[in-house]
Every structure is written in structure tokens, then in C-alpha cells.
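Asker: Relevant sequence annotations retrieved from TrEMBL are reproduced here:
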- 60-63, 98-107, 133: FMN binding site (BINDING)
- 352, 384, 385, 386, 387, 418, 419, 420, 421, 592: FAD binding site (BINDING)
- 459, 517, 518, 523, 524, 525, 526, 527: NADP(+) binding site (BINDING)
- 7-151: domain 'Flavodoxin-like' (DOMAIN)
- 202-445: domain 'FAD-binding FR-type' (DOMAIN)
């Protein structure tokens, strides 16, 4: 291989997003005639890094600034103090980080990796990219321009030689894989599931649904479920603060809509029973385990592609290559320009328009899609993380989840639904699903001498149900040391797990403070209850071992709560600051959009 045109692309990905972005960079690199593998960081022999010339790193940050599981080994190696400072002198690199600014250690892994590569002699091709899930149009507000700039830098620093010319970037990039339709005399039952690599992950198992109970009143606006699952003894291990990873499947309604959209396709006659075979175009882009055997198009639509996803700018770019309608092409191309990003946001992100709805809005592009590019247009279903609400010492061989079923209205006629929460709410007793355990954000203390303040409005209370039960059972906490602040709308409508809390309070094992915002004329939230208890909170914070945990929606609550604690510490001239507490792990947050 021509080492000048070699580009190594490595990703550290926990849920698949960083991997998708890395694979996109790999596809677009063909425009500049680059070749080289795109693989997980730990799957590349770390001792060979010194022989590479150009490396692109795409990595996410999980938990409290933690690295993804598939880069932990290489991470430890790169941080070794005895590595020579000129180890990567011959390496040019670029780092793109994927993170969430609602967390203190925003893009911590990417920032630290970037600094470490420079310390080892590496030369940055361009500035680090710090994508943020909290941006209005999501991480792609940074990803898209960062990738565009990367190609501009590479063409300037490493111009093509020997008569090679850049492939027109307005042309269709090559597909990831070859995809063939096979004869229909091959027998695959339509209800068979795809091979599932989730069960190959560490600490994974099949769980059985024991109960699926609504915790909110029937006339309450939100449906929240307490789901209880049973697992075989010793098949998995978890601790309070861990999360359960679940990969949902699409609804039959979405699958049917998908096939209706394909009815008018000019290039292919596809049906649910169409059998597909995926093979590699290049050794650099392996086939995922799920697609390693022949499968039906129904299986792919039901279990592999996310039919509910909000498409990004790159999807519109791909669609623009397929439409034969000038008005569609003009609009699709406009969405891919810097000037068109506000309009793209108004069309797609603000109303939460799904990929199926977009394809329906651009029928000429949809009618011309080819089979291989369905695997570019549609993204794989990513796993979702849920805080575990059960305690291993109390709820033997069980895992509990507290799940808010996501449903809301936008300007679009059809209501918006959350793929995973809706699927979980539909589970029946006896249903079996694959799951696996991962370390979560929270690291709880177990000591009789430390104070623990927990703020968990709504379903944010889930990890605290796990911790409080575990701490009390192991005699590591009582009403003097365990303080829970819970918030909801109405005491009688959405007081999740009320029986647990009332019994713990009655047994003097927990101090409980509640804020029900709609039970009086003026709204009361958890931050107001915290302010009312300023004196008591300062006493707790004055203990050399006092932990504060905040869990819930990332919108306003975490900032409002943090401001209360900042005011308490500042007003009482406490030696600690919130920044110091966060650095030492005494102030931890777990939030979501």
C-alpha cells in the first residue's frame, strides 16, 4: 500500500455514534484516494502506531469523563509515563470528540487524548473537534464542518501526485458494502431475529419480564413504568450506579411504513421476504456481526435499522445524489450548505422529523435509492442506557427500570414517540430481551460516616432507589446520613416508588424532602426545597465526607440545583467550592436530554 495515501481511522465508541462518524470519514476519504482501515482503537495493535503517518481519532466520553470500553487498553498504554516523548514524531493526527456539555468533564477523553498525542511528539493536522449533544442541531453542528475542514487541510498538506485528481466531492461516495438479493427459494423464517452480538458483550444475558407497572395515575399526562426483569443467578453482576443497556426494535407500524415507501422504487422490487447477502467491498470495512449471515429485508427493517432516527446533514447530502427532480435536488443541496443549517434545523431537528418522514417528503430521491445505499441512509439502532432502580442485595436476581414513555407533539401532525421507551412499555410478562450491564456515571460511597445528599426529580430518582436500598441493607446509611430530594408535579399522580420511600422514612432509614410543583398555586421545585433547608445542608456539607448526587433532565434543573449549592458554600465561606467537589468526586451529576 502507498503509505503516502494511507489514512488510519480509529474510534472509541460506547453506543455506536463515534463508530458511525468514523465510518463516514472513511467513506469520504476515498474522494482523496486514501485507503486504510477504520477500526476500534483497541482492535489496532498499539505498538504499530509509531509506524503510521496519518491517524484520525474519533472518540466519545462516557460517565464522569471515562473512556469507551473499546479504547481502554490503548488508553492505559498511551498514558504510561515511560513512553519516550518522541514516540509519535512521525505521526500527524486529528482528534474529533463526541460529548455532552451538560456533564462537567465535557469531551474529557478527546481533550486528554489530544494533549497526550502532542506530548508524545505527534503533530496535529487541525484543531480538536468538540461535538456537543446539547447543541440545537446536535453533535453534527461541529462534526460536519470539522470533517470538511479536515479534507481541506489534507489536500493542502498532502496534495495528490502522479496525475491523481480529487474525486468530485459532489459525486456519490462509494458504499460501505456490496449487497445482493438472493433467490427466494432460500428458507429464512420472517420472524427469525438477526444474529445478536449484544450477547457477546461482557456482563450480558437474557432477562425475562416479570412485571410492567404504570407508576403514574391514569389521568396523568405522562406514562412512567416500573419494569421488573428476572435473570439467571450469577449470569450478570451489577452495583448501584450501573446502567442497563437495552437495544430496542422497531414497531410494526414503522416497518409497514418503510415497505410502503419502497413500493415505488424504480431500481428494485423489494418485499419483506427479500433475502439479502452483505459482503465486503474492502478489507478496511468489515461486515457487522448482525449482518454476517443472510437475512430478510423485514429482519433488517425490524431489528437493525433505526426507522425513528432524526436524519443528519449527511443523509440529505446522500439523498441529493439520487433525486431526478430539480426542486428536490435544490432543496436537499441547500440543507447541506452552511447557509442552509437554520432551515435544516427548522425542517428536521425542531419538529423531530424522522427518516421515514423525510423519505416521504422527497419521493423522487426515495424512488431512485439503490440497495447498497439503504445501508448508508439508515443508521443501526443504537443501544439505550437506563439507570438501574433495583438493589442486588434486596431484589435478588432481579433488575428494575423506571422508564418515562417518551411521547410529545410538535408542529407535525403525528405525535413523536421514543423508540426504546415505547418498546419497553409494550413488553408483556414473560417476554425475553437481551441486555448487558455497563458502569454508569455515579460512584456511590458505602460508609457509616459520610453524608449523602441525593437530588432526583422524576425518573431521576431511579439510581437512588438502588443505592438507598443497598446502603440500608448493608448498614451503611440511615435517616441521619441519607437525604433524598424528590420532585414531581403531583403527590397523588407521579410520586414514583412512594411505598419504598414511605417505608424507609417510617423505619428511620431515610430523610425525604419533596417538591410537588402543581399541588399549590405557586410552583415549587427541588431547588426551592433545597433553599429552604440551607442551614441543614451546610451542616451536612461541613462533614469532610459529604457527597452530592444530581440526576434528571438536563434542561434547567441541574444548573438551578448547582446554583443553590454554590450560594450555600459561598454565603457560609466554606473552604470547598463546587468545582473542587466535582474534581474530587464529591459532586456528581447524571443528566439526559
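Every residue number used here counts from 1 along the chain in the order it is shown.
Each Cβ is built from the backbone N, Cα and C atoms, and glycine gets one as well.
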Asker: Using DSSP, tally how many residues of the domain 'Flavodoxin-like' (7-151) sit in helix, strand and coil.
Answerer: 59 helix, 32 strand, 54 coil
Asker: Using C-alpha atoms only, work out the spacing between residue 385 (FAD binding site) and residue 526 (NADP(+) binding site) and round it to an integer in Å.
Answerer: 25
Asker: Rounded to a whole angstrom, what is the C-alpha distance between residue 102 (FMN binding site) and residue 524 (NADP(+) binding site)?
Answerer: 23
Asker: Ten-angstrom check, please: count other Cβ atoms within 10 Å of the Cβ of residue 387 (FAD binding site), all chains counted.
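Answerer: Around the Cβ of residue 387 (FAD binding site), 27 other Cβ atoms lie within 10 Å.
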Asker: In this predicted model, what is the average pLDDT of the domain 'Flavodoxin-like' (7-151)?
Answerer: 92
Asker: Spatially, which candidate from the binding-site residues 60, 62, 98, 100, 387 is nearest to residue 526 (NADP(+) binding site), comparing Cα atoms?
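Answerer: Nearest candidate: 387.
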Asker: Tell me which residues of the chain lie with their Cβ under 8 angstroms from that of residue 419 (FAD binding site), as long as they are six or more apart in sequence?
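Answerer: Correct list: 248, 250, 306, 308, 381.
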Asker: Where the distance is taken from Cα to Cα, which of the binding-site residues 60, 100, 104, 517 turns out closest to residue 352 (FAD binding site)?
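Answerer: When the Cα distances are compared, 100 comes out closest.
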Asker: Here the binding-site residues are 62, 102, 421, 459, 527; which one has the lowest number of other Cβ atoms no more than 10 Å from its Cβ?
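Answerer: Selected from the binding-site residues 62, 102, 421, 459, 527 on minimum Cβ neighbours within 10 Å: 102.
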